[in-house]
């Protein structure tokens, strides 16, 4: 049979000291109930047993808002769950407990528990590569478009020039070969003089 | 004569309109330095008092030099090499020096733009990557290097630069930096692909967008808590500081480098103007806008820095409150930021023993405000940290980095212009090479050489280039520019040129500045600058995680071979000035006869006499 002193030390070994800070609400019985429910939820997930709110015992509350709590087994109310299991449960569901109480890792401290390091989410492709891909894609497309349009314009100019040169040559050729009245402006004064020169 | 003049004018590109020209010049002058160098100088040199040496330097050194460059470029209608060769073949080296400096500066400046792009790419995530430390390999704790310094420092030194402990260990190419540098050069290429046709359009956006963002930041910054503390800190004048000669030196150098004179880019830009254009007004507009932008930018910067200091101060006190609350079991939220001081004094009186054992931090707002930085430290460490505290961090980070990108891009246009157009005039490049290919080659070459800056030691090399290439050679080139125009070309001829372009001769202020004040100031600044650099052996701050005082940077001296490279970087651009002079002396005989023999196509003596007579007739 366990002596009272042993019982106390046993309980103390399994107790968790918790400190809350910068609460956005007043700490009262309802909030305490919410906390107990959150811990019961964490324990249920971790040990895969059904814990209820009455299995989480809170004691020694101070207005600092700090208290001790222990968790009893649902099957046997006299059996206390050991610290390691409680710690694991809390670590697993720390995120949910934090958001339930509107607190964070810095404002709710489980004294003696290893701090859970919120591992930063590493997505499959680094997001910066995606943005880089978009920017370089647009730039490359722009460069290709401008280069191609310049080449096309130059080709067009060459063709135009070739056409113009051909036209010039044809015109010159025409005036040399034909020299007919239809290409020039008829000078009427010459024809007026004709009757007068018949002397 | 008239016909051939027309054909020459057709070949030379022209600005679409005056606004485009002014925006390009303003964009070239207004760069990243206006945002991250001027506010810092204001801060360390006694706030409002710094404006006095700054404005004096602007009036007596900056504006005359600017007017000189714009006028000579517009009159002689050639880029830097052509202009100096026209004035005298002996001065051709000045143009070559400008070109080399532009090229070297373009390389390291684009690396800074690559860093800005990297931060821009990384701003599209939630949470921002510089807000938290990554875990170490065993996932049991945070990365030690990050823990000892801050997440922001870690992101800059480790994840961006992956910096080596000193300049001698080069490390390897950082592939992500190579990608960012490639992106930066690709954007430059696409803006320069058709020369003035393309960058002339781009400049409408790149030159105006920063003002929009600065205004947005101004409004946001002024509404942040603690903004007034930052502004008061910035503008409180400390008149004693004016007795320190270093202040005057820094003001003169700041104005000089801020206006981007001596790069050759401004000469090129003004050579595309119409012949009769009021370049005096242009110079005043560009110069005053540049300084006004610096002032305008310092207001949002310092509002945000004030906000950052206040937040850090509050966080510091909040930590102390937590320690006190835990220790003394005080009810939650009994101690607040408002009554912290009262509680602190009360607890000191009642429990002095306990209080001395507690690890309480000393929280001093002035300390936080004193944390100043310029350059990359301001943009990538201090500002990114401030942005984390602002609601909607991603949007502010994106806006900020796009603004920096825009500022840098418009300055790069001037740099690249100062490289490409002189290359054409040197006739090194055959005429059949189209502009697209030439700018592509220049961009590719700069990218390949610029890969040096993507090594692990890249940041140290950027500092070397920034400190030595972008300083002494420019001062020397500017000095020769002003001597060349005023004394070799002649003040009389130059006055006639200006009369031809603007319709009025330069007044006594300009003449006095050009002939006496500006050259003297330049010479004094140059000598003082070299003297100060020469007195102490150059050192650089190294980020060494194994340093005992880490996270402070370790001041290391440059090794000898780096020192040799520094000397080479300073000498290489300016060596062309005496070399070309000597070459012309040797191959063309005696200096004076050769100068008078070669007729200056733009200055016919007869025309000069005519205009004088016409003027007398008019009077």
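One-based numbering along the chain as shown.
Even glycines carry a Cβ here, placed using N, Cα and C.
Residues annotated as transmembrane segment in TrEMBL: B:21-38, B:44-68, B:89-121, B:173-192, B:204-227, B:247-272, B:284-305, B:395-416, B:437-462, B:468-488, B:508-532, B:561-586.
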Checklist entry - Out of B:21-38, B:89-121, B:247-272, B:468-488, which stretch touches the transmembrane segment (B:561-586) the most, going by CB pairs under 8 Å? => result B:89-121
Checklist entry - Cβ pairs under 8 Å with the transmembrane segment (B:89-121): which stretch of B:21-38, B:204-227, B:284-305, B:395-416, B:437-462 has the most? => result B:395-416
Checklist entry - Among the recorded stretches B:44-68, B:173-192, B:284-305, B:468-488, which has the greatest number of Cβ pairs closer than 8 Å to the transmembrane segment (B:395-416)? => result B:173-192
Checklist outcome for this item: Checking B:21-38, B:44-68, B:204-227, B:437-462 against the transmembrane segment (B:508-532) for Cβ pairs under 8 Å, the most are found for B:44-68
Checklist entry - the transmembrane segment (B:44-68) vs the transmembrane segment (B:468-488): three or more C-beta pairs under 8 Å (separation of 6 or more)? => result yes
Checklist entry - Are the transmembrane segment (B:204-227) and the transmembrane segment (B:437-462) close, by which I mean at least 3 Cβ pairs under 8 Å that are 6+ residues apart in sequence? => result no
Next on the checklist: As a test: from B:21-38, B:247-272, B:437-462, pick the stretch that has the greatest number of Cβ pairs under 8 Å with the transmembrane segment (B:173-192).
Outcome noted: B:437-462
